[in-house]
Amino acid sequence: MNNLEDSIYKSITKKELIKIFCVGSLIGSIVFLACYGWKILDVTNDSWLLTGQDISQHYIGWKFYRASAWHFPIGQIDGIIYPETSCIIFSDSIPLFAIFFKILSPILPETFQYFGIWGIATYLLVGGISAVIVRKSTESCWLCWIGSGFFCLSPYVFQRMYGHTALAGHWVILLAIGIWIYKPFFSTFRRKLAAWTGLLILGSLVHIYFIPMIMVFMFGFCLQDLFEKRGWKEDLVFAPVTVAVDLIVLYAVGAFSKSGGYSDSGLGVYSANLNSLFNPNNYAKYLKTLPIRPGQDEGFGYLGLGIIFLLGCALGIYIVYKVRCRKGIEQNFAKEIRRTQMAFGCSMVVVLFIFLILAWSPEIVFGTKTVMRIHYPEFILKILSTFRASGRFIWCVGYLIMTFCMMAVCYYGKRAVAMICMFGALLVQIADMQNMILIKKNNVCQEKSLQTIQSAEWEKLAKGKDHLVILPFSTVWQNQGISAAYEMGDFAVDHGMTINYFPLARTDLEQIALNDAEYMAGAVDGVSRDETMYILDTEEKGRNLGLDVYYVDGYYIGIAEN
């Protein structure tokens, strides 16, 4: 199915792939509109983004980035943790879209959000790419489109979309699988280099968690070349070049700018449970939720009841096929498949093993009990801590299972049997996903709920101010919650002010704490007390700073009167 140039592969034409992709994309867009509606596609409608959830961070990060002057690196944001700078990568604002729309900013409306566009583009690409992948194992367009329906109903995309929105871009993972599945086409050095370099850059500009995922798939692709003893010497050149080019792009965007450490705590907490592939975690309609530890919802890997059913069908069809081979039916073809697919099978097993170990480790847990702990060297732990939510690697395992279930059913089964199995499993998947679809539909129907700031007094006090300073910086999010911290950031950017703290994925909290002392002494360059609006933890602190203190909506606001 991978490197076998059989009659199915030879029957594929460019025109047909375009048709399959377009119809698959249409299926994806229909699923998106049915689940999320039309309203969020209005680029001037941002009320659904200001709910105090993670999507608020992404949107407000974009607003700060749009308001920032152009710098090098081009993804640099000033004003969001003033006087420090950050990068659009660390607000999870989808750098690929943020940079593009910042270029267009002068012609865009004053209020502009691209998250609705991102959502429908994601479903469109997931539907189209998955249909093309399934085509590698069948000549039936209908089976391709039924197969794309499973991917468009991916529990992983539903869980992440408009939560950790950039992480819903699973078309990146499907592209990696697609390049590998269509290996005969990508066998030349130029095509390998172009495909993997382009994909790695795309993944980096969507979310940095896609970088290691793509690199593991690329490793499997190269490992297959080694097993086949062809093209592997080229891989020694193209793989390092691909990584080097991506590092240059990341540098140009600002991934290595001073924004805090790249490692973070939580490795092993945000892992995948051993039961994750079959644990609906309160999202599905039929199967019972299994116990997990706190934080392991990051490793949500539920396949869906339809895919579980299809997995059983795939195993049954393959067993029947093997029995037919033993009886001498299709014996010669079976030998050809064994010879050409051995390298692919071995490299795929290695890739699955890597993804499973990354997702489960370093503490492997079943339910709430620790099965074992992997003791990595310190330098390995530092690397892994950069991607502390290791449970997310289970998505790659899930997509590989989904892909090969469908391909096995289509490739080894008769067309009528495959059609019945695929369509029946899709109906089961739709029924099982009802609860998750309703949850997501209700979430995007929420209106603006950032309502800490209610009094008109805020507008009066903010007049003529250039900076919003929270002293100490942790006052708002510790006392009022993270949604209040988002609201402060939104208030600041809407009033043309900088802010000294905003919750980001990576922040140098030690440096921000040091800045607190300088703010207290009035020693921060370019920050005049007359131009600053202070949010204080106590009234006394404001008096000590010589400020007039107002108590508004539960906050002590300090102003230096002229």
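Please read every residue number as a count from 1 along the shown chain.
Each Cβ is built from the backbone N, Cα and C atoms, and glycine gets one as well.
Record features, source TrEMBL:
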| type | residues | note |
| --- | --- | --- |
| TRANSMEM | 20-41 | transmembrane segment |
| DOMAIN | 26-434 | domain 'DUF6311' |
| TRANSMEM | 112-134 | transmembrane segment |
| TRANSMEM | 140-158 | transmembrane segment |
| TRANSMEM | 165-182 | transmembrane segment |
| TRANSMEM | 194-223 | transmembrane segment |
| TRANSMEM | 235-256 | transmembrane segment |
| TRANSMEM | 300-321 | transmembrane segment |
| TRANSMEM | 342-360 | transmembrane segment |
| TRANSMEM | 392-412 | transmembrane segment |
| DOMAIN | 457-559 | domain 'DUF6311' |
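Residues 72-76, 87-89, 95, 99, 189, 192-193, 196-197, 200-201, 204-205, 208, 211, 215, 218, 222, 225-226 of the same chain sit 6 or more residues outside the transmembrane segment (235-256) yet have a Cβ under 8 Å from a Cβ within it.
Across the domain 'DUF6311' (26-434), the model assigns an average pLDDT of 91. Secondary structure of the domain 'DUF6311' (457-559) per DSSP (helix as H, G, I; strand as E, B; remaining residues coil): 46 helix, 22 strand, 35 coil.
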